[in-house]
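Asker: So TrEMBL has the following annotated:
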type     : residues : note
ACT_SITE : LYS210   : active site
DOMAIN   : 39-201   : domain '6-phosphogluconate dehydrogenase NADP-binding'
DOMAIN   : 204-325  : domain '3-hydroxyisobutyrate dehydrogenase-like NAD-binding'
Amino acid sequence: MIARRLCASSQAPRGLLPLRVVCLAPGRRSFSSTTEGGKVGFIGLGVMGAPMAKNLVNKGFKVVVFDKVPETVKMMELLGAASVSSLDALASETSTVISMVPSTAHVRSIYCGDGGLFGLLQKHQKKGFIIDCSTIDPVSAAEINEEARGAGHTMVDAPVSGGSPAAQAGSLTFMVGASGDDFSRAEPYLSAMGKHAIHIGPPGQGAAVKVCNNLILATQMLGVAEGFRLADKLGVDLKTFAQVVNSSSGRSWSSDSYCPAPGVMEGVPASRDYAGGFTVRLMLKDLGLAQQAGEVTGTDLFIANKTAQVYKDVEEQGHGDLDFGCVFKFGRDQK
């Protein structure tokens, strides 16, 4: 039923889903009356989650973190955050929760079923306001939202774009699936972590747009990597090539903000042997979500399928934990 509704909404005339884009004002704060003392819980302190939580702290929010990795929790404590060792303890501290975790399975385990936050918040007689920034499949996002609503909570799906550099800079773009009122309610938190928030439509639609966006990103990166690799083999200076590409029709985010060729751009994973970025493994996960959505909607994703195979080859070479831009170095002709 949910899958059919998502498919139907994607076919509706654009005028039926007016786009609301908000340029988030830096430092904007407005605590909900349901937020105990302005506290906000944050689950997931990975490459994206840690800087997002840090920006909340820096903007004056009282952040309570939960993560399975002690080192990242300690880092956040040093920055001024409080921490808890269980979801039950988090539910006792606040009814407002933001999450940024790797997969649909992680989101379900955090919120649903026995021991999940939906039930724990009920146990503490709280109605939760939840913003999930994870990249998960749109059908599951809508299902989890329905479960939240059934338990008396409000849930917003707000996946992000911009990668770890934007997470660190507080300039993320949020793709938000929510009602209009819930979108407005989420804005103070999003403004502490990002620069733009786009209200896509009802719950699940933020996740839908994120999956489609990352499909484009994955294929775009392959094209940029191949172009730079060919230019290199033709003897072209790659910094000069980047100047041309980024002032002409070949320009893209992968070329002007996240170039995969080493020595071209500072501060990106390619400048540090592809460490510390968006991993090949995570990109494969996102492509899998796109392929799953393609099956649900009956959409032929020929390019996405070919792209996924290239990243799979790179993972099988043992490079799954490197940034996905490493396709420049480990593409099929680079084995």
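Including glycine, each Cβ sits where the backbone N, Cα and C put it.
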Asker: Would you identify the secondary structure of the residue listed as 'active site' according to DSSP, in three states?
Answerer: helix
Asker: Excluding near sequence neighbours, so keeping only residues 6 or more apart in the same chain, what lies with its CB under 8 A of the residue listed as 'active site'?
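Answerer: In sequence order, the residues whose Cβ lies under 8 Å from that of the residue listed as 'active site' (at least 6 apart) are THR135, PRO159, VAL160, SER161, MET175.
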Asker: Using DSSP, how many residues in the domain '3-hydroxyisobutyrate dehydrogenase-like NAD-binding' (204-325) fall into helix, strand and coil?
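Answerer: For that range the per-state counts are 83 helix, 2 strand, 37 coil.
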